[in-house]
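Shown next, in structure tokens, is the structure this report addresses.
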Amino acid sequence: SLCGQEWSQCPGQTGKHEHRNKLSVCNKICYAVGGAPYQITGCALGFFLQIYLLDVAQLDPFYASIILFVGRAWDAVTDPTVGFLVSRSPWTRFGRMLPWVVLSTPLAVLSYFLIWFVPPFEEGKVIWYLFFYCIFQTLQTCFHVPYSALTMFISSEQKERDSATAYRMTVEVLGTVLGTAIQGQIVGMATAPCLPGPADIAAGLNSSLSVGLNASAPVISLDDTKTAYMIASGVICIIYVLCAIVLFFGVREKKGETLISPMGFFQGIKLVMGHGPYAKLVMVFLFTSLGFMLLEGNFALFCSSTLGFRNDFQNILLAIMLSATLAIPFWQWFLTRFGKKTAVCAGSLSVVPFMILVVCMKSNLIITYIVSFAAGVGVAAAFLLPWSMLPDVVDDFQVQNPDSTGHEALFYSFYVFFTKFASGVSLGISTLSLDFAGYISRGCSQPEEVAITLKVLVSAAPIGLILIGLVILYWYPITEERRQGNRKLLQELRDEADSETDSTELVNMI
């Protein structure tokens, strides 16, 4: 009886609770592997889809901009909707999040593969790419939103969740390297030669361009380039499936609070967006993501068209991603030492000088590699550190709204939505800007207006957006002291709930 009343103070109870919620290294690795498909496909699409639609599928820049924008804007419906549906999903013997991951994977990889297939017809080609791009975005949402919310269900210990998130950050950066390497290296070996434009012909450079660019290399046709894109997408699809299998069999989803407040979809939106810290964090992430997505989406074209590194741009992109991977341990230490808010600010600002330098210097391959490698250090922090702040916001919401539970998926779905929305807006605006500037598909040279536009898109515009995001971050209210206080309070509530459960079990045994 005494032990039943004071169970939380009985010897060994704390150790039992911690052991129950402790994750093994294998669990953390399997959980982290689940984040790779989103980063691999996202990196391949972000870096290469624009140049693929323009130079391989040979779509008009105006129609390419429509595909890129509408495909991402479609997530304005799918992300919050899937988040709402996930939050209302019943518990199964496999969990509440994992079934979404498994069931969405087969159709997701099929639609991804068809994005990189050039159909054998001209009329309807725009509809083809728009349809499969939207389908893939929807199915990937059905994978990534539940996966992101799974963070809250792998353990009730904040320390364990933070550790698993660190593993996830590392694997996701490795995923960006893998996506860049697979897509870039396979496609880079089969890049079709450029075509002299009107300005080149008028200047009598047709012959010299052809000789200079293609004489020493084997003849590569546009069909070879199309095949290379399909091979790369096939490899990525296989990795996508393998990662989903590892996640499903390697992670055990723990049954958390399944009692969901009886509210509708729009009430749920109002609830999560009405939480001040979350709204501020979302706006920070929106502006900084928009800036870095502009850089990501246009850097390949900038390297090939403006700097003239048509045959080296994929290696430059790989240097950025490798640098970002190597920087993850440093930023993890920095985050622990100085706090998450300071880490995001420092990481975002660290890439600004290199954005300025890359457009001001003359075309030099070695210097471009050095600048790109250095910029990757900041890219890692700016892309991934804001994700480490999201569990803190969810915990803060739970402390302030203890009677409103089961909305984790909604928080994560809007976060994912703003990432994709930023990508869609950036790619749509940039491709449309190139259309107005007079971009020439597969052109050996581009009008001066195109060079100016690309410099704005990879430097001035991203810097302005990042600075706006950091100004909003200044007013973000969850400090390290508040975060630790929330963590302590929630742990006390969980310990109390566990004590009551164990007390009940002991009484029943007696």
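Each residue, glycine too, has its Cβ placed from N, Cα and C.
Annotation source TrEMBL lists transmembrane segment at 97-118 (among others).
Annotation source TrEMBL lists transmembrane segment at 130-154 (among others). Non-local neighbours of the transmembrane segment (130-154) in the same chain are 23, 27, 31, 34-35, 37-38, 41, 66-67, 70-72, 74-75, 78-79, 82-83, 86, 95-98, 100-101, 103-105, 107-108, 111-112, 114-115, 160-161, 164-165, 168, 244, 247, 251-256, 391, 394, 408-409, 411-413, 415-416, 420; each lies 6+ residues outside the stretch with a CB under 8 Å from one of its CB atoms.
Tertiary neighbourhood of the transmembrane segment (228-251): same-chain residues 26-27, 29-31, 33-34, 36-37, 40-41, 44, 52, 56, 94, 98, 101-102, 105-106, 108-110, 112-113, 115-117, 143, 147, 150, 154, 178-179, 182-183, 186-187, 189-190, selected by CB-CB distance under 8 Å and a gap of 6+ residues from either end. Taken from TrEMBL, the feature transmembrane segment covers 228-251 (among others).
If you look up TrEMBL, you'll see 281-303 (among others) marked as transmembrane segment.
According to TrEMBL, the feature transmembrane segment maps to 315-335 (among others). Through the fold, the transmembrane segment (315-335) approaches residues 43, 47, 166, 169-170, 173-174, 176-177, 180-181, 184-185, 188, 299-300, 303, 309, 342-343, 346-347, 368-369, 372-377, 379-381, 383-385, 388 of its own chain, all at least 6 residues removed from its boundaries and within a Cβ separation under 8 Å.
Through the fold, the transmembrane segment (341-359) approaches residues 284, 288, 295, 331, 334-335, 368, 371-372, 374-375, 377-382, 385-386, 389, 455, 458-459, 462-463, 466, 469-470, 473, 476, 478-480 of its own chain, all at least 6 residues removed from its boundaries and within a Cβ separation under 8 Å. Annotated transmembrane segment per TrEMBL: 341-359 (among others), in sequence order.
Annotation comment: TrEMBL describes 366-389 (among others) as transmembrane segment. Within its own chain, the transmembrane segment (366-389) is flanked in space by residues 162, 165-166, 168-169, 172-173, 176, 281, 284-285, 288-289, 292, 303, 307, 309, 315-317, 319-325, 327-328, 330-331, 334-335, 340-341, 343-344, 346-352, 354-355, 357-358, 415, 466, 478, which lie at least six positions past its ends and keep a Cβ under 8 Å from the stretch.
Beyond the transmembrane segment (409-440), the same-chain residues lying 6 or more positions past its ends with a Cβ under 8 Å from any Cβ of the stretch are 42, 46, 49-50, 53-54, 60-62, 64-66, 68-73, 75-76, 79-80, 82-84, 86-87, 97, 137, 141, 144-146, 148-149, 151, 197, 268-269, 271-273, 278, 282, 285-286, 289-290, 293-294, 297-298, 301, 387, 390, 393-394, 397, 446-447, 449-450, 452-454, 457. As annotated by TrEMBL, transmembrane segment applies to 409-440 (among others).
The transmembrane segment feature in TrEMBL is assigned to 452-476 (among others).
Within its own chain, the transmembrane segment (281-303) has Cβ neighbours under 8 Å at 46-48, 50-51, 273, 309, 312-314, 316-317, 344, 348, 355, 368, 379, 382-383, 386, 389-390, 393, 414-415, 418-419, 421-423, 425-427, 430, 434, 454-455, 457-458, 461-466, 468-470, 472-473, 476, counting only residues six or more beyond its boundaries.
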